[in-house]
Amino acid sequence: MKLGVRLCVLVVFSLQLWGPGQGQELEPEQVLAFCDDKDVEAAVDLALVKYNQKLPYGNQLALYQILESSKAQNDSCTQYFVEFNSRVTDCPAGGDKVWRDCDYLPTGNKVPRPCKATVHMSETDKKVLAVFCDPVEAPVVAERTTCLGCPREIDVESEDLKDPLTYSITRFNADSDSSHHFILNSVGFATRQVVAGFRYRLMFDMRKSNCSKADHKELNDECHPDPDVELAHCNSTVDVAPWRHETAEANVECAPGPLDNFDVFRRRPPGWSPLRNFNNFAEVKTTQASTASAKEESSEESQERSPSAVTMANPEPALPSVAPTTAAESPFHCPSKPWKQFVPPTTLRPAQEKSPTPLPVVEEGLSDLDLLGKK
């Protein structure tokens, strides 16, 4: 069965490479599919089930709306490429329920989470080849007591991972029997824990480089991915204490093959590696902040120009920021109808303050006798 899946993937991949070389359009065999097609919905269901099974903590995701779908097929199998929005549910990760038995979390983020998935389907086998859901800014929640000694998830694009990844890859290259050095391919998951220093736990995969160990004692800027693709995925634990000026301790366990595609991971931006500079994320955040500020000013101006919008009584609950689109607007019924209606909690307006009770009006002036209680 696994052999059939590999052959199907190989055929589709070969067609993708063969098409442009023959002067044809890229991926000519990939065609649009109906968003409300039963097979497309089944592909999304498989992707969400697989994604939720791999969540280490938090809450499961459920389908909100299928945005776009396409498929590529041959005589033996069909691959579906789907884009959809999801929402956080009230079912915890690792529970017995599947997402179809859950409800949207009322306190979840109003903005849905965009997801992409690639699913292989044939008469004899169904398999999720890749699924990824882009995280969105978490809603503000009540403060909880901080666990100072517990592992904390950190962003896979954080600069703090540069040294732990470098130690891990260096350790692998020193211990492996490969004739070539390996370089970073993608990072899947990372946590940091305060111990006698910092303990990093990493999930990542690497790719063989063009630098042989005979010609290069260690990795350098001349090392690039080798055309002969060879991958290895690793779990690494790195203990560092920079203030003690001690050599970091890295425990790396690796196996051949890529990191599972359905695990939550991001591929590094082009040009990033432990040996290269990071992108200027601060500049991006500054740009986003200025854009948000401009939107707020524009919103305030529009409210001043239309006072009727402010005085409207009993407003309806706010809809999601990505409003559902009717299927009739697209010939392929995309986006699809929402799986369930999401109604975020409404913020009650504070009661209008009561005007202070007016003091009694004294027509005649007070005398000293009045203050003494004498008439």
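Heads up, the Cβ atoms here are built off N, Cα and C, so glycines get one too.
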As recorded in Swiss-Prot, which of Cys77, Cys102 forms the disulphide with Cys91: Cys102
Secondary structure of Cys254 (disulfide bond) (DSSP, helix/strand/coil): strand
Cys254 (disulfide bond) and Asn235 (N-linked glycosylation site), Cα-Cα, nearest whole angstrom: 6
For Cys234 (disulfide bond): intrachain residues, at least 6 apart, with Cβ closer than 8 Å: Ser168, Phe172, Leu202, Met203, Phe204, Asp205, Met206, Val252, Glu253, Cys254, Ala255
Cα-to-Cα gap, Cys102 (disulfide bond) vs Cys211 (disulfide bond), nearest whole Å: 50
Cβ atoms near Cys223 (disulfide bond) (within 10 Å, other residues, all chains): 20
Residue among recorded positions Asn74, Cys133, Cys211, Cys223 with Cα closest to the Cα of Cys91 (disulfide bond): Cys133
